[in-house]
Every structure is written in structure tokens, then in C-alpha cells.
Amino acid sequence: MNLKDFLSRNNTDPKLSELILFFAENGQTIKSGFLKSQNKAGTHNIYGEEQMALDKWADDVLINGLKKTRLVRYIATEEQPGIIEIDNPKNQFGVVIDPLDGSSLIDVNLAVGTIIGIYPGTVLDMGKNMIAAMYILYGPLTTLTFTTGNGVHDFVMDEKGDFHLTAENIKMPDGKIYAPGALRKDYLPAHARFIEILEKDGYKLRFSGSFVADMHQILHKGGMFTYPGIKGKEKGKLRLLFEANPMGKIITEAGGAVSNGKIDILSIKPDVIDYITPIYAGGKKEIGLINRYMNEI
Ligand code: F6P
Ligand code: MN
């Protein structure tokens, strides 16, 4: 079954369906753009990260496309300094986008992806108010994973750019994979203790440098991903709006959990779009353990 039929079979709101299909179509455009350039753009985003030419190109493709459809009122992306407001929108949706997550891996041909969160209105809202979260992963295959709060579903793109259902109502299995960001020498005590427990318990390390790809693996194989707060950088690295919330929403919908180490990040109300947060995302067992350790301190 293709994505369009799946959305209508599930009685998805027509405007929301249109928006999800917009991102699916543009995922195909982005995938076909990888042959354009694997070079750096020579500029930095507001987080100080070096932008790749493709980061900026994918950002333009999505923003310009969204402006034309006028499906949304607010757009915030990881590559833009502020919220873009669209004149005369057909409805009030707000979208948050990481156009190309993991883009520092483009030049070595590892999997990268596009992450999207959709809100009923403002994007400065709690993650739990998201009405849809999705990502498109560009690996050997191009896949699309999404939730509208009614299960998590996987699709794969065919040679014509159409997405077909491959897994419905995905539930995260138990598994012993851990994907820990940052340097061990900078770990804070509760985090160090947590990682030690996982290692003693036989968890296998798998960290690619692409959050979206690492999370896709955790969703299907179990375990957990973390980019923790560290010495001198207590907030960690990942962005609440563009990365942590949409992926956190998906993993939660699949029976897992997401936390900043103490509380569910989906209940944080951000006051700025560039809000940074430590993240722990994966199985309820693992997330429960780090919450216990951190709240004990
Ligand atoms: O977007 C930020 C990001 O590239 C994530 O995709 C990834 O998990 C993380 O940064 C990798 O960070 P580091 O280079 O510090 O390992
Ligand atoms: Mn990213």
C-alpha cells in the first residue's frame, strides 16, 4: 500500500495528509540531489556547525516548496536563525525541520536523513503537542517513518519515488545496542555510572554520527541513543525542536521513551528555537535507569 492510500485508509486529516505527502515528495528530490555536491558551503549555522552545500540546498528546497503550498503558517529549520511566517496560509500548522541530519557524513557516503515535526500552531510548543513526526532516511534504501499519534509506520521508496508500507504499528523490541555521543573523559558522574551498567550488561556500541540513522536502528533493534550533557557543555549538543522532539515522539509512540536524563523532553516548553538538550532515547528500561541515576543526585 502506498503512503497516500495509507493516509486516507487511516482517515488522516486531509491537510495533514497533504503536508506529509509534500515531505515524502521532497524527500525524493533531496535524495536525487546527493549527486550535486558533497562539498562544504563555506558557512556556519547558528550552532557554529560548518554547513555543507547540501544542507543549505535541502533547506531551500523545503522552505521554498512549503511557501508555494502555503500549507503551513510557521517554519523553523536548523539552518535558519528565526521562525519564518508564511502570509495567507491555508491553515495554522507549524513545522520544525532538520533538513539534513548527519550531514558531516555526506562526504563519506554514510546514511543521513531529514527530520520533521508538525504542530497545530506555534513551533514554540511542547513536543507532546506535535500532531505528526516523521523522518526520511537516505541509506542504501530511502525510507520514511512517521507517526500521527496512531502508531509508527515505515515506508520504502521505489524507483519512481513512491513510498510503500513495509511495517505498520512498529513496537520497539528489547535489545542491547547503545549509541553514546561525546567523549568518555567528559562524562558527568551519573552518566558515567549509567554507561558502565550498560557495558557490564553486554550492550554493544553502535554510533555512526548520524542521529536519525542511529535512532532508526534503535527503533528496530532496541537499546538506546544518548547525546548527554558533558563537562563544560552541560546542555549537550542536540536541538530540542529539530532533532530531539520529533525523534522522541516517534520512539515514544513505538513504546519507548525519551528524556533529558531527568524528565520527558516532550514536556519541555521551549522559549527559543535553538534550545539545546541532553537526550536519552530508547527503551523504557534504559531511560528509566538514567532518570533514576540523575534524579538521585
Ligand atoms: O546534527 C547533529 C549530529 O550530527 C547528529 O546527527 C549526531 O548524532 C551528532 O551530531 C554527532 O555528534 P559528534 O560529531 O559530536 O559525534
Ligand atoms: Mn542534525
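Just so you know, glycine gets a Cβ as well, placed from its N, Cα and C.
According to TrEMBL, the residue from GLU199, GLU234, GLU243 that belongs to the Mg(2+) 2 site alongside ASP98, ASP101 is GLU243. Of the residues GLU78, GLU79, GLU85, TrEMBL places GLU78 in the same Mg(2+) 1 site as ASP98, LEU100.
In sequence order, GLU49, LEU100, LEU105, VAL112, GLY209, SER210, PHE211 are the same-chain residues whose CB sits within 8 A of the CB centroid of ASP101, GLY102, SER103, SER104, LYS237, the residues recorded for substrate being left out.
Between the C-alpha atoms of LYS237 (substrate binding site) and GLU243 (Mg(2+) 2 binding site), the distance comes to 10 Å. Around SER103 (substrate binding site), taking its Cβ as the centre, 25 other Cβ atoms fall within 10 Å, counting all chains. In this structure, the binding-site residues that sit close to ligand 2, with a C-beta under 6 angstroms from any of its atoms, are ASP98, ASP101, GLU243, chosen from ASP98, ASP101, SER103, SER104, GLU243. According to its DSSP assignment, LEU100 (Mg(2+) 1 binding site) is in a strand.
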